[in-house]
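Annotated features in Swiss-Prot:
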type: MOTIF; residues: 326-331; note: motif 'Mediates endoplasmic reticulum retention'
type: TRANSMEM; residues: 4-24; note: transmembrane segment
type: TRANSMEM; residues: 30-50; note: transmembrane segment
type: TRANSMEM; residues: 59-79; note: transmembrane segment
type: TRANSMEM; residues: 92-112; note: transmembrane segment
type: TRANSMEM; residues: 124-144; note: transmembrane segment
type: TRANSMEM; residues: 153-173; note: transmembrane segment
type: TRANSMEM; residues: 201-221; note: transmembrane segment
type: TRANSMEM; residues: 229-249; note: transmembrane segment
type: TRANSMEM; residues: 251-267; note: transmembrane segment
type: TRANSMEM; residues: 268-288; note: transmembrane segment
type: TRANSMEM; residues: 294-314; note: transmembrane segment
């Protein structure tokens, strides 16, 4: 029952989160910083109350290690959200971030000296090809935007290239953070809720450098049209409602993933998250009518088939959690 509940949280929370993020980004494309700040603040306050016990509970992992992890986590979060300001469409944003397997494999080979089977290399090649197809076709769409002069078209394409560079950097940094977390958990034990709190609480002072941009968007949000919230009947600017729902659904999504990691194998978690991304992508395309050609569909299918191949879903479908843990120990 608990794993099924967690899967429900992941699909409901994460899919809804993408919807509200796109509603925010479509109205104010530069709102990435205020969205990131709101998410960090909400999770930090919740963690301070219920995980850190109002600051009375000492951390199991030394703060100096969290400082390193937090620097990486803060950078990844800000860069990923800021990429939406750089002509990156939401579907491409989701597809590109699905390339985390590639980044993990590359850094695993370089840093941890890991070696993989030819089957896994094939699956990663498939994911890479899918991302390349989607990125290339999106580039063509940027360069042929109607109503733009040659100068404006080149400028839009240049910003798009910067957005791709930002997503690539965030992808590699996120993979490096995952390896760092893996070494910490091996040394100090798994403390996922504690890590979640410190990863969101410690970076809060860093938002001082983004205060001007955040304040500008507070003013813009205040000027948005009024919206009456169903059921409770409270009236508020619609952009604040979108932001509130984005923050709440982000928390639900993270909690669902956390429960899954404690109840299921990493294979199951990867499969659920992958399927969730696919559902979010389909909804974004259909509901928001984002441009998506047959080439995009081909690239997307490559990404998701490659991901499923990498996790060896068909091979391990009937394998129990204890058996997988035994296999992990052998490796």
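Note that Cβ sites are derived from N, Cα and C of the backbone, with glycine treated the same way.
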Go through the chain and flag residues at least 6 beyond the ends of the transmembrane segment (294-314) whose CB is under 8 A from any CB in it; none is fine as an answer.
91, 95, 98-99, 101, 119-120, 122-134, 137-138, 267, 270-271, 274, 277-278, 281
With pairs 6 or more apart in sequence, are the transmembrane segment (4-24) and the transmembrane segment (153-173) linked by at least 3 Cβ pairs under 8 Å?
no
Decide whether the stretches the transmembrane segment (268-288) and the transmembrane segment (30-50) have at least 3 CB pairs under 8 angstroms, with pairs required to be 6 or more apart in sequence.
no
Give the one range among 59-79, 153-173, 201-221 whose Cβ atoms make the most pairs under 8 Å with those of the transmembrane segment (30-50).
201-221
Do any residues, 6 or more residues outside the transmembrane segment (59-79), come within under 8 Å Cβ-to-Cβ of it, and if so which ones?
32-33, 36, 39-40, 166-167, 169-170, 173-174, 176-177, 180-181, 184, 188-189, 191, 194-195, 198-199, 202-203, 206, 210
